[in-house]
Amino acid sequence: MMTLSRLLIPLFFGLTIFLFTTKFSNFFTIETFSNNQESNLLQQSFKPYLKRLNWRYAFIGFKNIEDPYSISPLWLPKTPKNRTILMDASKCLPTDLPSHAIAGNNCCPPMQSSYKFKEFDFQDYGASSNFPLRVRKPCHLVDQEFIAKFERGIALMKALPKDDPRSFYQQSKVHCAYCNGAYHQQYPFENLKIDIHRSWFFFPFHRWYLYFFERILGDLLGDPNFALPFWSWDNINGMQIPSYFTYPNSSLYDKLRDKNHMPPRIVDIQFYEVEHLVSPQKQISINIAGMYKNMVLASTKELFMGGPLRHGDKAHPGVGSVECAPHNTLHTWVGSADYLNREDMGTFYTVARDPTFYVHHSNVDRMWSIWKKLGQGRRDYSDDEDWLDSHFFFYDEKANLVRVKVRDCLDTKKLGYVYQDLDLPWLNFQPTSTRMSKAQREAKRAKGFLSSKERKHFPIVLDSIKSVIVKRPRKFRSKLEKENEEEVLVIEGIEFRSDKYIKFDVHVNDDEDELSEYDQNEFVGSFVSLNNGHESGRISTRFKVGISKVLENLEADEDDDVVVTLVPKAGKGEVIIGNIMIEFLPY
């Protein structure tokens, strides 16, 4: 009898475990990338039962019932946490708009009773062997025939019913929805809003956005080869608003633009709501210098594209160089000075109402393509599955709701288009010589010139020009080290109200009383943020700038520290800086 009981008790206990785990096996295998609402509901409803199991759930294989991503039986291979940001297109909420907004807060697309979800398929949506590659051309080089066709396409889009997802009205709301908090992350982070700006989603989202906008235009025109032009503000001949966008009777016209910035006025890549009154030649030099610093000096993916944003992370992990300028600055430059938020182009919820938005972003997209070809190991986040598998939803030319992934937009040729080659006057730009040689800098240091700039206690309020000494963790780097990693200035804990336009410039080893100009070595970049929310909201982010070449040019690459000067240009007194440090990022 004793022998039988010894056999039956372990058998009974094992059978109990088997039945328990079999019954709830579906629950065990729920993965973080699940898009099934029932799975999320099951997780929530079953948690109380898990707590009652006490020690039993730990034995069976539940590592932490407070973490829904940690639930898995011990005898199964451990699945790595997937932190891809996914969204539910059917859950679109009212957006956060700034004060004195000129439109309502419903930016959601029209939702039909039955959805036509299509997985991304290159046969349907990629380059087709039946058509040649579409060539996007610079706005200043297209002919009158193309301009007439472009105008007709936009007019046809504007003429569609407002509830048609292909209409210009609905297409303009797409940007508002993705950039003003209409979509939220999925369980268990439903309180975190999705904003594609100031993160690694900036470039891929806008590429997809323009891709479907272009397809809709081509379908309305009956021309599958139609390609959006690009506003080549990085080229001397394209540094003004294309004239055919300024005719009041044209479908490309928008009345909410800054009247002082009509052609032939040269664009100002460093604009900050105050007119920078210089000669056209000087403005061109400033623009070329800005392009050099935001394209060439932004040598790593995080510097250029922005920081990683994963499931469970708060929005705005870090802004990329080109997103700050010329992207944000030119949005502000075009927007109307007669409106508090510089609508249309100057604030996220109305930017896409202005047709210049699409040619502006066509050139931003072109910058992504160019940057990857500049060498020095430049590459995007193509080795990060969380980035690659993140997805968005757009309506196509047949009003089908299409789910697309980041991984499928990395090559424009696979999307069926390329950019016409154009001169890059900024590529080999050389900043003007430094004002202060190494010997002069050391002499000032010896006289106590830097004593007033000892490391301040953070956080600091940027209500005036602030200079701080930042210790370099490493110097005397070898040639190999310099070839493999970039020395990066990190400004973190940047906090401000979301309804404010913010711009501050960053200088290294400069004279606070006589600051260098934008085309000189000491100026290294600008942090720029558009107005995109309600006054009650706050944004916390970071900004990184590559300084390896800057320190070499300043003969400061062997110094123990650098002097960092922050110059508020817009939003003075509205910004808090949490810390400034130096780190090294691999290429």
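Numbering starts at 1 and runs along the chain as displayed.
The backbone N, Cα and C atoms fix where each Cβ goes, glycine too.
What TrEMBL lists as Cu cation A binding site is His175, His197, His206. Taken from TrEMBL, the feature Cu cation B binding site covers His327, His331, His361. Positions annotated as disulfide bond by TrEMBL: Cys92-Cys108, Cys107-Cys176. Residues annotated as domain 'Tyrosinase copper-binding' in TrEMBL: 197-214, 354-365.
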Same chain, 6+ residues apart, C-beta under 8 Å of the C-beta of His197 (Cu cation A binding site), given in sequence order: Cys179, His316, Val319, Glu323, Phe348, Leu530, Asn532
The domain 'Tyrosinase copper-binding' (197-214): DSSP-derived helix, strand, coil residue counts: 13 helix, 0 strand, 5 coil
Residues satisfying Cβ distance under 8 Å from Cys107 (disulfide bond), sequence separation of at least 6: Cys92, Thr95, Lys173, Cys176, Ala177, Asn180, Ala182, Tyr349
Cβ contacts under 8 Å made by the domain 'Tyrosinase copper-binding' (197-214) with residues that lie 6+ beyond its boundaries: 85, 134, 171, 174-175, 178-179, 226-228, 301-302, 305-309, 315-320, 323, 348, 358, 361-362, 364-365, 368, 380-381, 387, 390, 392, 394-397, 402, 404, 406, 409-410, 412, 415, 417, 529-530, 532, 539, 541
Those residues of the chain, 6+ apart, with a Cβ under 8 Å from that of His361 (Cu cation B binding site): His206, Tyr209, Leu210
Average model confidence [pLDDT] within the domain 'Tyrosinase copper-binding' (197-214): 98
Additional residues surrounding Cu cation B, by Cβ distance to the His327, His331, His361 centre under 8 Å: His206, Glu323, Pro326, Asn328, Leu330, Val351, Phe357, His360, Val364
Spatial neighbour of Cys108 (disulfide bond) that is closest, considering only the binding-site residues His175, His327, His331 and their CA atoms: His175
